[in-house]
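Accompanying notes for the structure given below.
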């Protein structure tokens, strides 16, 4: 068997653009940010049968999970978030009452494997620079290749493109990127203030509590929610972010069901 360079090129181009046209341009859920919260949100949304896109601006997905705390590759989880990781096959060691530890690379790789198995489509090296805002509702996102955003302005002539969706989840972490952009256009939305100082116990609770639909079609989750409202940071423990992602997916499922029911009523 022989393989030519052109065969390789054609296959990459064909498969990428077919996948993009069929599965990415229009979806049910777009999750922006592939850290612990974003991966969890995307996985649970896809498991509900929703066409789900996970967008990450970096070359790699996983956010801060890869290096745990202080560049030491051990991740801390507290109950009940351990149940989520156990469902995805992550091996956990009980460290203290209610606290578990795992190897960071195993946590990231098995979470990504679960997302892929659920049907999530990952767009890495892609930057979300804006939202589609119509009729007082977020209806999609505007994307650009992240490396292109690093080019000097006089060399970057590439306009972005848009993808349409029913629900967007802002899981961009400390930056609260989509909420920040929305606040520039809607005065009733306050600009994110950034997260407060570390307070692990309170942060783990409030990260989940603050995850909600902040504007029709836009759910803020995980550290993005924490930073939006100035809640404390939690440091190298990932339970609140995982549970916040699960909660965001539940909200997304509810909103999609409402949209579907509304379309049925209009049709009738």
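Heads up, the Cβ atoms here are built off N, Cα and C, so glycines get one too.
Predicted, not measured: the structure shown is a model, and the values here were computed from it.
Quick look at what TrEMBL annotates:
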| type | residues | note |
| --- | --- | --- |
| BINDING | 56, 57, 64, 128, 159, 223 | NAD(+) binding site |
| BINDING | 159, 174 | Fe cation binding site |
| BINDING | 233 | glycine binding site |
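Rounded to a whole value, the Cα-Cα separation of residue 57 (NAD(+) binding site) and residue 174 (Fe cation binding site) is 14 Å. If you take the C-beta of the residue listed as 'glycine binding site' and look for same-chain residues 6 or more apart in sequence within under 8 angstroms, you find 195, 196, 197, 198, 199, 203, 223, 226.
Taken residue by residue with DSSP, the residue listed as 'glycine binding site' is part of a strand. For the pair residue 64 (NAD(+) binding site) and residue 174 (Fe cation binding site), the Cα-Cα distance reads 11 Å. In the three-state DSSP reading, residue 128 (NAD(+) binding site) counts as strand. Looking at the residues that bind NAD(+) per the record, 56, 57, 64, 128, 159, 223, the two CA atoms farthest apart are separated by 30 Å. Non-local contacts of residue 128 (NAD(+) binding site) by the CB criterion (under 8 A, 6+ apart in sequence, same chain) comprise 32, 55, 57, 141, 142, 143, 172, 177, 178.
Reported as a whole number, the C-alpha separation between residue 174 (Fe cation binding site) and residue 159 (NAD(+) binding site) equals 26 Å. Taking the binding-site residues 57, 174 in turn, the residue surrounded by the fewest other Cβ atoms inside 10 Å of its Cβ turns out to be 174.
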